[in-house]
Amino acid sequence: MSFLSKNGAGILACLLISILSWYLGGFFPVVGAPVFAIFIGMLLHPFLSSYKQLDAGLTFSSKKLLQYAVVLLGFGLNISQVFAVGQSSLPVILSTISIALIIAYLFQRFFALDTKLATLVGVGSSICGGSAIAATAPVIDAKEKEVAQAISVIFFFNVLAALIFPTLGTWLHLSNEGFALFAGTAVNDTSSVTAAASAWDSLYQSNTLESATIVKLTRTLAIIPITLFLSYWQSRQQENKQSLQLKKVFPLFILYFILASLLTTLLTSLGVSSSFFTPLKELSKFLIVMAMSAIGLKTNLVAMVKSSGKSILLGAICWIAIILTTLGMQTLIGIF
């Protein structure tokens with residue numbers, strides 16, 4: 001059986017949903033195409049789940065296309081930007097990432113939340129929302145239901161942050177620099193960071209958008225050490241501390257992601273415009289949308305809602321802790 005005859009129907013279903021989701025995401029950037037894709041897929045699940053000819057293509061899209069998307073995501077990351085954000089913001093970034101991951105670990109231990117779901121919510125909250133979840137899910141062998149739950153939780157707090165952060169920043173009397181750091185570290189998804197920073201700029205005729213975006217992209221670089229650690233940890237669990245294979249400890253798609261980041265950094269330093277990588281970054285985003293479509297089509301919405309109470313609570317705790325941490329660190333280093 002050829003690849004197309006085996007996978008074509010499922011891939012086509014994901015493609016059609018993704019085109020619609022991409023279009024809707026353009027009109028509602030705070031929500032974003034990946035979230036639309038998951039929810040459209042889940043709404044269609046009861047009607048399409050009986051069509052078994054879709055299964056192979058959905059599995060390919062939710063697994064392989066997601067890995068390809070992560071590799072291409074590397075072309076949007078310039079490692080030299082870590083140094084561009086300056087010494088003042090790196091302590092805030094590292095503190096917020098650390099506190100969210102620690103909370104996720106403790107929460108799953110004390111409240112009996114599924115380890116993989118807690119991990120996805122933790123990395124999504126602390127690093128870069130859907131992109132971090134997309135990179136982490138294949139590494140820890142997360143189920144489609146767990147990915148959908150984590151994305152949904154992150155989406156809720158993204159939208160909430162985009163709506164209330166400009167007002168909260170005004171109430172707290174944050175400076176322009178302080179709000180850029182606040183939005184860049186306490187909002188997960190790039191589109192929501194953009195929405196919050198743009199709203200602030202409209203209020204105060206400032207230029208925080210670029211600074212907030214750089215902080216956000218610097219957070220994204222944490223995907224590299226976090227996924228490598230989780231891959232090693234997952235391999236130890238599966239192998240029961242026996243001899244490990246390098247391919248299992250360091251998945252090839254993560255290594256390719258790192259190489260793509262290094263290549264981007266090198267070429268940019270040699271004078272290549274960042275716009276050169278734009279088509280690859282856009283393709284990465286679209287493949288993530290296709291993967292989310294597949295995950296949605298394989299997820300039972302009713303069952304997910306019934307079991308999502310603890311994950312929402314974890315997302316709320318992580319979100320509040322990140323807000324308090326970034327404000328506290330800004331106070332300590334004299335920005336706030």
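In case you wondered, yes, glycine gets a Cβ from its N, Cα and C as well.
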Of 4-26, 211-233, the range Swiss-Prot labels transmembrane segment: 211-233
Selected stretch (most C-beta pairs under 8 A with the transmembrane segment (286-305)) from 65-84, 249-271, 312-334: 65-84
In contact by Cβ distance (the transmembrane segment (153-175), the transmembrane segment (65-84); 3 or more pairs under 8 Å): no
Two-stretch contact, the transmembrane segment (249-271) and the transmembrane segment (211-233), at least three Cβ pairs under 8 Å: yes
Same-chain residues near the transmembrane segment (312-334), Cβ under 8 Å, at least 6 residues beyond its ends: 88, 91-92, 95-96, 99-100, 103-104, 107-108, 111, 113, 118, 121-122, 125-126, 153-154, 156-157, 160-161, 172, 178, 181-182, 185-186
Within-chain partners of the transmembrane segment (211-233) [C-beta distance under 8 Å, separation at least 6 from its ends]: 76-79, 81-82, 84-85, 89-90, 93, 97, 101, 119, 123, 126-128, 131-132, 135-136, 139-140, 177, 179-181, 183-185, 187, 190, 193-194, 196-197, 244, 248-251, 254, 257-258, 261
